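S.K.: Sending over a structure as structure tokens; questions will come in a sec.
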């Protein structure tokens, strides 16, 4: 189920939170190897806790919110944000489909025009 | 028998109270809006409940539990506070045009400094956001009202006494002077220790007022969390939730964890001041206060900035002719800011001498939190890129927001670095940095919202030219004032002082000129706002911004359109207000629920 919910698209969306996670992870490793102030159990423990706690909490919230959003995308109709209750609003995939079709159509028209001009 | 004067006074007061009670009982049938579980009322049908939901006149505003009315109350309150806080700082800036003490005394300057900060953050910032969220969140998510309408009303009505307590020192009350602790209320100064005058009751009243505003914010936050989780229309899934609601949900979560801590710290401080406890008097007490305060204080920054980011994310795409680029990036980065904001508090304390290992961790998380903010900035810029930009007043304020937020944000990233912070700490650089955010970004987004939704809450359109004057004067004034402050900080000018060395005079004068330009801009805003509300062109179209052309209409505008339509059906313009108040019986179930909202 998890792999179904977290498809490629969702994982791509979640990368935005992976960057700060990576930065925190970088500093965890960096402080392990570069430690000019020495190791002292209480202070160093707090030092790592202050990095690891936000890391874990952010990872957990990202996972839960990703699951909630991707899950509701799978279960129900997706509209543009804030437009679900607007009468006559089209579901997002239809609206996007139309946009793509329009784009393709205009590209085709351009091709025909270009061909005419060449001819 | 001799009639005692005090007894006569008591009887008189009793008669007065009975007269007030009798008058209140006469002006309104109070039982008419006592709702029953079934939706009906005592002694009336459901229709009567709807049509007699609100009394008229002042009583309506004093008793309302309608989220839209409460939103308006929050808005009016916030704008009054903005005017008070603004005039306070104008006085300070005029004083600072000259290096020595000229217009006002140094102690009065300190009082204004303290009250300006607290007023702008707690009495303007949080309430103006609550104004938008109260009015629009239920409309955007298709809810009938807030989850707890009465708690919503109580949360607002705690604010006026909070303001009176915070400003109490300025009133002509014998022996009460205003607090001079700055908004951070650092001990031992705020504990009243030493030979200063901060043991005065004015500081206690300010602390109580601040506590009250925190209780109000917490009640509001619980209400929003409950509303967004449980009251959404069935069509509004998590995937369909708009960006403003996401930011309010995150903000409410931050309030829920941050404000109770401020409340506890304030109670401890009050106990120290009045009951002989020694929470902040013993060794390490000053650092303890700073830890407690900033554990609240830094999330407070994001409490204030996230919803304005939501407003910009909602409004900016409407005038760029396309949907927000990378919508989910904005949602996830909002949540990321929410979590990380609790892990950066000691970057305000780099100069206190805390252990360098702890400082290093706070620096790391402070650098990490810059990413989600930067991501949003790129999303706004990319949304505008090659878009059909319409430079309406709300759009100008959105673009101004992005511009100022970049300067405020980048100057903030430098401060996150320990060595840079040690040089710039407690200088005007910091003042310039955070004013770019609080004035340049947060207030600008507030204005964007006020102009964008002006047709909805007034039924009229503002005057466009005056709106643009307001924007340009605000933009020029903001940048002149706060960029001068950044330069002053580079020069080593310390913050919070009423006097300074003559070498800083020129930049201080530039900042004062900027502040006066801001003042002129805000006078134009008040004029435009009031006059347009009273006499502006009436909006006939439910889509005054032509959002339908690009399929960008959101739920609040369809509610507005229905309101206009039903008002016409009801018998013309005269009864617009009646239609708004009561709503209409509409066959369509969706329309009905939105109407009631």
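If you go along the chain as it appears here, the first residue is 1 and each next one adds 1.
Cβ coordinates are placed from backbone N, Cα and C, and glycine is handled just like the others.
Curation plays no part in TrEMBL annotations; they are all automatic predictions.
Quantities reported herein were computed from a predicted structural model and do not represent experimental measurements.
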S.K.: Please identify the range among B:241-271, B:551-581 that TrEMBL labels transmembrane segment.
M.R.: B:241-271
S.K.: Relative to the transmembrane segment (B:291-317), which of B:6-25, B:114-141, B:153-173, B:205-229, B:436-457 accounts for the most Cβ pairs at distances under 8 Å?
M.R.: B:436-457
S.K.: Cβ under 8 Å, sequence separation of at least 6 from the ends of the transmembrane segment (B:510-530): give me the contacting residues as numbers and ranges.
M.R.: 79, 82-83, 86, 89-90, 93-94, 96-97, 439, 447, 450, 462-463, 466-467, 469-474, 476-482, 484-485, 488
S.K.: Look at every Cβ pair spanning the transmembrane segment (B:394-416) and the transmembrane segment (B:70-94), keep those 6 or more apart in sequence, and say whether at least 3 of them are under 8 Å.
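M.R.: These two segments do not touch.
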S.K.: What parts of the chain pack near the transmembrane segment (B:329-350), using Cβ distances under 8 Å and only residues at least 6 beyond its ends?
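M.R.: Apart from its flanks, the transmembrane segment (B:329-350) reaches 243, 246-247, 250-251, 253-254, 257-258, 287, 290-291, 294-295, 297-299, 301-302, 306, 309-310, 313, 358-359, 362-363, 365-366, 368-369, 371-373, 375-376, 379, 415-416, 418, 421-422, 425.
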S.K.: Given a Cβ distance threshold of under 8 angstroms, which distant residues of the chain, six or more beyond its ends, lie next to the transmembrane segment (B:436-457)?
M.R.: 68, 71-72, 75, 82, 120-121, 125, 128-129, 132, 135-136, 301, 304-305, 308-309, 311-312, 315, 318, 392-395, 397-398, 400-401, 403-405, 407-409, 411-412, 467, 470-471, 474, 478-479, 482, 518, 525, 529, 532, 539, 544-545, 556-557, 560
S.K.: What else in the chain is close to the transmembrane segment (B:241-271), if you only count residues 6 or more beyond its ends and a Cβ gap under 8 Å?
M.R.: 129, 132-133, 136-137, 140-141, 185, 187, 190-191, 204, 207-208, 210-211, 214-215, 217-218, 220-222, 224-225, 228, 232, 277, 279-280, 289, 292-293, 295-297, 299-300, 302-303, 306-307, 309-311, 313-314, 324, 327, 330-331, 334-335, 337-338, 341-342, 554-555
S.K.: Using Cβ atoms only, state whether the transmembrane segment (B:153-173) and the transmembrane segment (B:469-490) have three or more pairs under 8 Å that are 6 or more apart in sequence.
M.R.: no
